[in-house]
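What follows is a short report on a single structure.
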Amino acid sequence: SVGFKAGVKEYKLTYYTPEYKTKDTDILAAFRVTPQPGVPPEEAGAAVAAESSTGTWTTVWTDGLTSLDRYKGRCYHIEPVPGEKDQYICYVAYPLDLFEEGSVTNMFTSIVGNVFGFKALRALRLEDLRVPPAYIKTFQGPPHGIQVERDKLNKYGRPLLGCTIKPKLGLSAKNYGRAVYECLRGGLDFTKDDENVNSQPFMRWRDRFLFCAEAIFKVQAETGEIKGHYLNATAGTCEEMIKRAVFARELGAPIVMHDYLTGGFTANTSLAHYCRDNGLLLHIHRAMHAVIDRQKNHGIHFRVLAKALRMSGGDHIHSGTVVGKLEGERDITLGFVDLLRDDFIEKDRSRGIYFTQDWVSLPGVLPVASGGIHVWHMPALTEIFGDDSVLQFGGGTLGHPWGNAPGAVANRVALEACVKARNEGRDLASEGNVIIREAAKWSLELSAACEVWKEIRFNFEAVDTLH
């Protein structure tokens, strides 16, 4: 009817459009929807589309002042989740004009800002996003990317090795710098500030930066290799964060670090722009991610947070290990590792990838495997992650019975042995233990490490499975 008719009407009349053909410029989202009892899936899917785009709970006369057809989100397909009762994957298409260019913050505010508290839904999870090339082209993306990083570091043909300095809190700046020196001197490429090391009473940031820089330059002079320490620039304000990054650059440090979820996407994108303009690499830690991504029926899957990070900007990001102490199922993890590194990723539901994603030459991000890993895991990690990755052993370096430098030596020897074996055509999956044992004959440090960690297992069922 012509004219405005007040009242509440069902969302599905406006926002459920199964006949809709998606456009190349649409942002597509796959939501796992669990409706309240009695709410049909079409209504639930339409409600998600409405509340995350143009809709509100009642008809408003100002709807007549705009073109809803041009701006509304549309739920265009619904399928039940196999093996789950009352769960559906609802596909929603959003017109590109709903989003500010170059703002991950605005994209998330729109798509996941309000709708997760919606009463008609028992639970809601954003499983995947297809970001169109037209939108990706408005982002700078990673400050440098994988190839530029290798060229800066002059390291090719193998994964990079890192180590988080432990104990994570409580060391003085000088002792912290000493631990950094020992690890890098033993053969690691990087050491890392823990995510919660910012600027506390026992170690202020400026002191830490100075002692770590001293360690880096001393080791570079002694080894002839380029080294780095991820200096955590995360701070309480964006201004303070940039101030720390500026100081790192003035010291000549090669890389800084940011906690992108606790720091926020706006801060992260600002830092990424600074890093590109000033030749700093940017390491990203995902502290707080499990709050958002761990429940399999509610929240946001990490593959979406990973895509968002590639748009916002970062050169490394933590991505689970598949084999250590933290969550990560193999196929799903490899799915978002590809989304981080590759330029074009085909839809593949067996790996949790709901949409084909074209990154149109946005630089790639190195996945970082970290958490409960040690020398016995090296063959599996080398095989699973390949060359373009960073393998980080915190306790697996510093827990060595002879100290930090021998711990670093053990890891470097194990890695070189695995890469050499792989290049000779050996199968790391079946021969991994043999390869490590052979290498241990030539390295007392590796032999001691093998002995310490031969019994360690973190065996729990994965929480995040596909069904």
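Placement of Cβ uses the backbone N, Cα and C atoms for every residue, glycine included.
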Out of ARG204, ARG206, ARG286, which does Swiss-Prot tie to the same substrate site as ASN114, THR164, LYS168, HIS318, SER370?
ARG286
Validating a neighbour-count step here. Other CB atoms within 10 A of the CB of LYS168 (substrate binding site): how many?
13
Of the recorded positions listed here (LYS166, ASP194, GLU195), which is spatially closest to ARG286 (substrate binding site) when Cα positions are compared?
GLU195
Show me the subset of LYS5, LYS166, LYS192, ASP194, GLU195 whose Cα is within 10 Å of HIS318 (substrate binding site); these are the recorded positions I mean.
none
Quick check: which same-chain residues outside LYS192, ASP194, GLU195 lie with their CB within 8 A of the centre of the Mg(2+) site CB atoms?
THR164, ILE165, LYS168, ASP193, ASN196, VAL197, TYR230, ASN232, MET257, HIS285
Taking the Cβ of LYS166 (active site, proton acceptor) as reference, which residues of that chain separated by at least 6 in sequence fall under 8 Å from it?
ASP194, GLY394, GLY395, LEU398
Ranked by the number of other Cβ atoms within 10 Å of their own Cβ, which of the recorded positions LYS5, HIS285 ranks first?
HIS285
Work out how many Å separate HIS285 (active site, proton acceptor) and ASN114 (substrate binding site) at their Cα atoms, rounded off.
26
Could you round the CA separation between GLU195 (Mg(2+) binding site) and LYS5 (N6,N6,N6-trimethyllysine) to a whole angstrom and send it over?
54
